[in-house]
Amino acid sequence: MSNMMKALVKSKPEVGLWMEHVPVPEVGPNDVLIRVRKSAICGTDVHIWNWDQWAQKTIPVPMVVGHEFCGEIAEIGSAVTKYHVGERVSGEGHIVCGKCRNCRAGRGHLCRNTLGVGVNRPGSFGEFVCIPESNVVPIPDDIPDEVAAIFDPFGNAVHTALSFDLVGEDVLVTGAGPIGIMGAMVAKRSGARKVVITDINPNRLALAHKLGIDHVVDASKENLADVMKSIGMTEGFDVGLEMSGAAPAFRDMIDKMNNGGKIAILGIAPAGFEIDWNKVIFKMLNLKGIYGREMFETWYKMIAFVQGGLDVSPVITHRIGIDDFREGFEAMRSGNSGKVVMDWF
């Protein structure tokens with residue numbers, strides 16, 4: 001194996017990514033080196049491409065980015081015991097310290113020292129990625145590479161959707177991006193009574209409808225209260241999944257929740273936006289922030305959903321070779337795509 005590899009690198013502090021040859025990551029005693037088969041583009045990667053304010057203060061330059069992937073093990077460290085070369089795997093992109101109070105209590109997803117693959121350390125937009133043995137997740141043979149490559153965002157959807165009991169509940173999802181759509185699919189699969197998804201992008205709403213979400217609402221043209229009445233809802237929503245990061249959508253969600261409603265918040269809203277806290281108080285709403293996946297219960301549930309027949313592959317709208325990465329990023333930046341999966345070989 002050569003000691004150099006192709007990779008997409010944030011090599012300059014400006015808009016874009018560049019295909020370069022960089023050293024293959026070194027494998028420590030507890031590490032696993034994975035040959036990447038497929039990578040998917042995340043919204044985080046778009047922020048890094050755009051070199052926005054968050055990226056400028058977060059991403060060291062140069063950096064191999066990316067964190068959504070599927071591949072096969074190419075090399076294992078001297079202390080690795082669970083895995084073998086050739087095994088097909090994905091991996092958890094949040095690397096936790098294992099020493100803080102939350103980690104020691106089995107709540108690794110709450111680790112205050114979390115490092116992100118492709119954010120704080122080299123990522124998966126390369127021919128190889130290296131992660132700790134504890135972050136490796138084996139992929140069953142009946143799950144395709146491209147589906148395993150989007151398990152990171154699917155995990156965000158599963159974690160958010162399953163934050164509260166959904167059986168018989170009326171669920172509002174704000175934001176019909178890939179994670180919002182998958183969250184709505186999980187809610188429907190998990191026994192929700194009514195699942196309504198809102199957005200202002202007709203292409204995303206069309207994709208949501210194609211994937212089986214019965215009630216899609218263009219918030220720029222339709223009144224959500226009228227839609228609720230038309231589908232037989234006489235009270236507010238029991239559960240809200242805020243996936244958009246859009247302040248108007250969040251405010252509308254709070255307004256349409258039933259008393260005692262529960263909201264899981266994954267979307268990252270702009271700084272300084274306002275909500276009516278009086279409604280939160282007097283409706284006695286329960287708000288819960290969501291970040292990443294519960295390790296590794298969410299992964300177990302994802303695999304169970306897919307093996308049980310939940311088909312999330314139509315969320316993938318673009319499949320491209322890695323040399324066409326610019327096309328993939330333009331699709332993501334347009335806001336009119338679902339997931340974009342890039343093939344490394």
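In case you wondered, yes, glycine gets a Cβ from its N, Cα and C as well.
Per Swiss-Prot, the features are:
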type: ACT_SITE; residues: T44; note: active site, charge relay system
type: ACT_SITE; residues: H47; note: active site, charge relay system
type: BINDING; residues: C42, H67, E68; note: Zn(2+) 1 binding site
type: BINDING; residues: C97, C100, C103, C111; note: Zn(2+) 2 binding site
type: BINDING; residues: I179, D199, R204, L266, G267, I268, I290, Y291; note: NAD(+) binding site
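Features recorded in Swiss-Prot, as mapped to the structure shown.
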residue: H47; record: active site, charge relay system; Cβ within 10 Å: 18
residue: H67; record: Zn(2+) 1 binding site; Cβ within 10 Å: 25
residue: E68; record: Zn(2+) 1 binding site; Cβ within 10 Å: 31
residue: C97; record: Zn(2+) 2 binding site; Cβ within 10 Å: 14
residue: C103; record: Zn(2+) 2 binding site; Cβ within 10 Å: 19
residue: C111; record: Zn(2+) 2 binding site; Cβ within 10 Å: 21
residue: I179; record: NAD(+) binding site; Cβ within 10 Å: 29
residue: L266; record: NAD(+) binding site; Cβ within 10 Å: 24
residue: G267; record: NAD(+) binding site; Cβ within 10 Å: 20
residue: I290; record: NAD(+) binding site; Cβ within 10 Å: 21
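Here the C-alpha separation of I179 (NAD(+) binding site) and C103 (Zn(2+) 2 binding site) works out to 26 Å. Excluding the listed site residues C42, H67, E68, the same chain places S39, A40, I41, T44, D45, G66, F69, G93, V117, G118, G123, S124, D152, P153 with Cβ atoms within 8 Å of the centre of the Zn(2+) 1 site Cβ atoms. Using Cα positions, the member of the binding-site residues E68, D199, G267, Y291 nearest to C111 (Zn(2+) 2 binding site) is identified as Y291. One way to see the shell of the Zn(2+) 2 site is to take the Cβ centroid of C97, C100, C103, C111; the remaining same-chain residues with a Cβ within 8 Å of it are V96, G98, K99, R101, N102, R104, G108, R112, N113, T114. Look at D199 (NAD(+) binding site): DSSP puts it in a strand. When the recorded positions T44, H47, R204, L266 are screened for a C-alpha within 10 angstroms of the C-alpha of H67 (Zn(2+) 1 binding site), the residues that qualify, in sequence order, are T44. The distance from the Cα of Y291 (NAD(+) binding site) to the Cα of T44 (active site, charge relay system) comes to 13 Å. Considering only the recorded positions T44, E68, D199, L266, G267, C100 (Zn(2+) 2 binding site) has L266 as its nearest partner by CA-CA distance. When secondary structure is read from DSSP and collapsed to three states, L266 (NAD(+) binding site) falls in the coil class. Just so you know, of the binding-site residues C42, C100, I268, the Cβ with the fewest other Cβ atoms around it within 10 Å is the one at I268. The DSSP secondary structure for E68 (Zn(2+) 1 binding site) is strand.
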